[in-house]
Amino acid sequence: MPSLTQVWLLPGAVILIVCLAANWVERVSGLVPEPYLDEFFHVPQAQKYCKGDYSWDPKITTPPGLYLISKLFKPLLGCETRALRIQNAVALCAILALSYLIRRILRFRASPGKPLHESRDVSKKGSSVEDPTFVDIHTAINICLFSPLFFFSGLYYTDVMSTLAVLLAYTAHLASSQSPSSFIHGVSVLVSGIFALFFRQTNIFWVAVFPAGLAVVNALKADAPSTTSSTRDIAQVLQDSWATGRIVDLPIQHAELQDVIIFLASLIVAALRKPLLVLRVAVPYVIILALFAGFVVWNGSVVLGDKSAHTATIHVPQMLYIWPYFALFSIPLLIEPLLSLFVPLLPKRAQVTCNEVFSASTYGRPSLLASGLFMTGAILAVHFNTIIHPYTLADNRHYVFYVFKLLRLYPVLRYLAVPVYFVCAWLVVRALATPTAPSPVNKGASKDKRQTDTTQNPTGRDPCQVSFVVIWLAATTLSVVTAPLVEPRYFILPWVIWRLHVPTSSTRKASFDVRMIVETIWLLTINLAVAYMFLYRTFTWTNEPGKLQRFIW
């Protein structure tokens, strides 16, 4: 039975986010009562919908989901600019609840039949701070404080509602994975996926491709439990996968580049071995993809409105820019894998201490092969595929403007940034590694660290495996490399999904995860700085005298 503390944690968190979001909306609406920047298009369109006028502004390229929601809530909130902004603040609170629910499902889905409210006692003292309920709610709070997400909860933009819709679809997917043959769950996946497509076209990758990949992997594992075999004999792996339908899927802390290749090879062979199983679990996602493809054919393009301004193109460096972006907002979560790089240089006693304090041995070090391939690919992408969209250099209200202005002034910086991209990418992926408790038994009992001992996992959840990282990276790549414009908002969903899967670091001697408290302080600091710049550091353009301009993500 949940304790009184557990019962009140979620309502308390909701009240906290309500207060922060309401304060933010009030301050924005007080100083910026008129529509600002993209609101100049969104607000009038929503107000037309509220009046029953469904004519379309051709300058708007995203679907009408945001305006349909405004039409739905018109009797309750109205359709003034401030009322429209409040809808995103409400959506942020819903994101809190869904993020918490997703964390609970991820934590307990390995224990069929166990109610989500039953928390594993991961402490000997029973402190509420160590309770998974507290950890999961704290994670949900930090997701809501993610600056690009929190900032736009005070404006009438598509991104907050779009994120909520995708999380709703992800929740439906996780629920369906518990009983993949359930018709009700299949319908919920289908409906929630279609709903998410009403907000942003690139959501197709997060409500169809991403969950379909996870569903196929989970179905194959359920039919023939995956192996963490240490073999790297590709012929043996393929033979075993064809004979048994089994895939090789290691926890990310034990995986190297070769293990990714082996996973992909075993997945392809196992899927070919059991096509009916794959098709059965993929049906809802295939339907979503088919409906989306039908829309594209009917519309003549992926985008609505002015198609010339948003033509899809291949922009590979987007998958380089995303890593410093993650590192900027999540640096408290990346300190441990960063420090682990230097632990082998310390004396033996210091190494033992580091392993006890922050599980340095969990993260390992990047291999020369992976480093070389990443660096080579990155340099080629930077040299041949760097795209600077005219919109980026035409608007100095966006922070990205100043980044690319610097890169244009000093082109060599584009190449000098490649090692930074690699380090940030490695840290972000390794942050998904589940901490392993130091084993009290004979240290020489198993020399192969790639053989996973699940009993050494103190976090109360399955370790993040190669399969998730590969599928997440694939969905992220598909969603961002087709955009010529570099926008911090485009990286919100990849970050949110990643953050939901970052494990708690529970092996240290401290009674709570210090990283999360530091993360909260860090995110609040960024939000305060960005809010101050937006509200009070205004400037004017010579061609629009007297009209205040404001800095924005």
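Cβ atoms are placed via backbone N, Cα and C, with glycine included.
Since this is a predicted model, take the numbers as computed values, not measurements.
TrEMBL lists 439-460 with the feature region 'Disordered'.
What TrEMBL records for 7-25 (among others) is transmembrane segment. For the transmembrane segment (7-25), same-chain residues at least 6 beyond its ends with a Cβ under 8 Å from one of its own Cβ atoms are 82, 85-86, 89, 92-93, 96-97, 100, 128, 133-134, 137, 140-141, 144-145, 150, 153-154, 531.
Same-chain residues lying 6 or more positions outside the transmembrane segment (83-102) and placing a CB less than 8 Å from one of its CB atoms are 10, 13-14, 17-18, 21-22, 24-25, 28-29, 42-43, 46, 69-70, 73, 77, 116, 136-137, 139-141, 143-144, 149-150, 152-157, 160-161, 163-164, 167-168, 170-171, 174, 496, 500. Annotation source TrEMBL lists transmembrane segment at 83-102 (among others).
Per TrEMBL, transmembrane segment is recorded for 149-170 (among others).
Beyond its flanks by at least six residues, the transmembrane segment (182-199) meets 62-66, 68, 158, 161-162, 165-166, 168-169, 171-173, 175-176, 206-208, 211, 283-285, 287-288, 291-292 of its own chain at Cβ-Cβ distances under 8 Å. If you look up TrEMBL, you'll see 182-199 (among others) marked as transmembrane segment.
If you look up TrEMBL, you'll see 277-298 (among others) marked as transmembrane segment.
Taken from TrEMBL, the feature transmembrane segment covers 322-346 (among others).
Annotation source TrEMBL lists transmembrane segment at 367-392 (among others). Non-local neighbours of the transmembrane segment (367-392) in the same chain are 256-257, 313-317, 319-320, 398, 400-401, 404, 407-408, 414-415, 417-419, 421-422, 425, 484-486; each lies 6+ residues outside the stretch with a CB under 8 Å from one of its CB atoms.
According to TrEMBL, the transmembrane segment annotation covers 412-433 (among others).
Per TrEMBL, the feature transmembrane segment maps to 466-486 (among others). Long-range neighbours of the transmembrane segment (466-486) within the same chain, counting only residues 6 or more positions beyond its ends whose Cβ lies under 8 Å from a Cβ of the stretch, are 202, 205-206, 209-210, 213-214, 217, 247, 249-252, 255, 259-260, 263-264, 267, 310-316, 318-319, 321-322, 387, 389, 391-392, 400, 404, 429, 432, 493-494, 497-498, 501.
Annotation comment: TrEMBL describes 521-539 (among others) as transmembrane segment.
Counted over residue pairs 6 or more apart, the CB atoms of the transmembrane segment (322-346) and the transmembrane segment (149-170) come under 8 Å in fewer than three pairs, which marks the two as apart. Sequence-distant neighbours of the transmembrane segment (149-170) (same chain, 6+ residues past either end, Cβ-Cβ under 8 Å): 20-21, 24-25, 27-29, 35-36, 38-39, 42-43, 46, 62, 65-66, 69, 81, 84-85, 87-89, 91-92, 94-95, 98-99, 102, 143, 189, 192-193, 195-196, 198-200, 203, 206-207, 211, 489, 492-493, 496-497, 523, 527, 530-531, 534, 552-553.
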